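Listed in TrEMBL:
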ACT_SITE  107  active site, proton acceptor
BINDING   205  substrate binding site
BINDING   235  heme b binding site
BINDING   236, 285, 288, 293  Ca(2+) 2 binding site
DISULFID  76-157  disulfide bond
DISULFID  109-114  disulfide bond
DISULFID  163-373  disulfide bond
DISULFID  242-273  disulfide bond
DOMAIN    66-377  domain 'Plant heme peroxidase family profile'
SIGNAL    1-25  signal peptide
SITE      103  site 'Transition state stabilizer'
C-alpha cells in the first residue's frame, strides 16, 4: 500500500538531528566505550552474534528450573537445526510469520513465565486457556507452524524438546531470518499443564498503553524499563489491525501533526482503515516492514509510530518515569537506538535472553514435555 513521503530519508534525518541532544544525554547509559555510529541509521550487523553474559554454564530461571545453552546437544543434537529450517520455510511462504512467531514467545513468557501455555487449545466448558484472551483472540498466529516443527522434533527425538523451548528458539530464528542479530538460546524449560486467561488479559501490554503503564507491566514480570524499550523494537517487523491504532488516528497519540508529511501519514492510515471495520492491516514499520533493523526507532523520531504505545516512547512527556532503580531516559534511549543499530541489536538480544528466563510460578516443577503443543499429555 502507498504511503506519504513521511518515510523519506530527508524527514528521517531531520528527526534524527532534532534528537541529537537526547542521544548525547543517553550516552552514559550505554557501555563505557561508545560503539561505532551506524551512519545509515537503518542497518546493523544482520545475523551477527552478540555477546551476552550468561553468568555461568547454567542459569536458574526460578526455583526448579535450570536453563543452559546447548541443552539439547546430547539428547537431540539436531533440535535447533530442525527449528531453524521450519522457521525459514514458514517465513519464505509468509514474510509476516517471522513477527508472528516472535510474538508467540512474548505472549507466552508474559503470562506465568515461558511455559508454552499460550499454545494450549481451549476445551470448553472444562478448560479455557489464553488464546481467547483480548490481546490474543484473532491476533496470535503461527500455531500451525509450531505444530509442524514439533512433529519433526517428535520424530527425531520423542518427548525431548519442550514446546516452550521450541518457541524460544523459533523467536531467535525469526529475528535472524529477518536480518537481525543472533544469540545462544538457553533451553531446559518445561511445558505447563494449564494456562491463564485472566493472566493474559491482565499482564500483556495494550497497544494504547502509556510509558508508565508499559514500564510497570514489564516490571511486574521482572523486566526493566530498558528491556521494555529494547523489546518494543520487535515492532520493526509485522503488522497490526486498524483496531489496534484507532486511538492514534483520532488523537495522534500526543504528537502534533504539523507538517504536510505528518498529516499525510495520518491521512493514509485513515484511508486504509475507513470502511474496513477495523480489520485492515498496516505495517508496524512502514519503511522496511520485513527487515529486522532499527528503522522502528527512526520512525518514532519522525512521529511515524503506528501504535499509540509505540509513539509514546518518543514523547518527552513520558521520558521520565520515577519509581525504580531501573529508570532510564526512555526518549533518549529511543534516539540512541535510532542512531546506532548495533547498540539496539546488543540490547535487544540481552533483553530477549532475560525474558527467556522468566519462570513459571512455583518454579514449574510440575511441568512436562508435551508431545502435542496444543494439549497436555494424556498421562498427565
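Quick reminder: no glycine exception, Cβ is built from N, Cα and C everywhere.
Listed in sequence order, 249, 269, 272, 273, 276, 278, 279, 280, 281, 282 are the same-chain residues at least 6 apart in sequence whose CB falls under 8 Å from the CB of residue 242 (disulfide bond).
Ranking the recorded positions 103, 235 by how many other Cβ atoms lie within 10 angstroms of each Cβ puts 103 at the bottom. Closest to residue 288 (Ca(2+) 2 binding site) in space, going by CA atoms and restricting to the recorded positions 76, 103, 109, 205, 373, is 103. Neighbours of residue 285 (Ca(2+) 2 binding site) among the recorded positions 76, 114, 157, 235, 373, defined as a Cα within 10 Å of its Cα, are 235.
Counting every protein chain shown, 21 other Cβ atoms lie within 10 Å of the Cβ of residue 288 (Ca(2+) 2 binding site). Under a cutoff of 8 A between CB atoms, and with a sequence separation of 6+ in the same chain, the neighbours of residue 109 (disulfide bond) are 221, 355, 356, 358. On its own chain, residue 163 (disulfide bond) has 116, 119, 146, 150, 191, 369, 370, 373 as residues at least 6 apart in sequence with a Cβ closer than 8 Å to its own Cβ. Look at the disulfide-bonded residues 157, 273, 373 and count other Cβ atoms within 10 Å of each Cβ; 157 has the fewest. Using a 10 angstroms CA-CA radius around residue 107 (active site, proton acceptor), none of the recorded positions in 76, 157, 235, 236, 293 qualify. Most Cβ neighbours within 10 Å, among the recorded positions 76, 107, 114, 293: 114 holds that distinction in the structure as shown.
For residue 76 (disulfide bond), the nearest of the recorded positions by C-alpha distance turns out to be 114; the candidates were 114, 205, 235. Separation of the C-alpha atoms of residue 293 (Ca(2+) 2 binding site) and residue 103 (site 'Transition state stabilizer'): 16 Å, rounded to the nearest whole number. Ranked by Cα separation from the residue listed as 'heme b binding site', the recorded positions 103, 114, 157 are led by 103.
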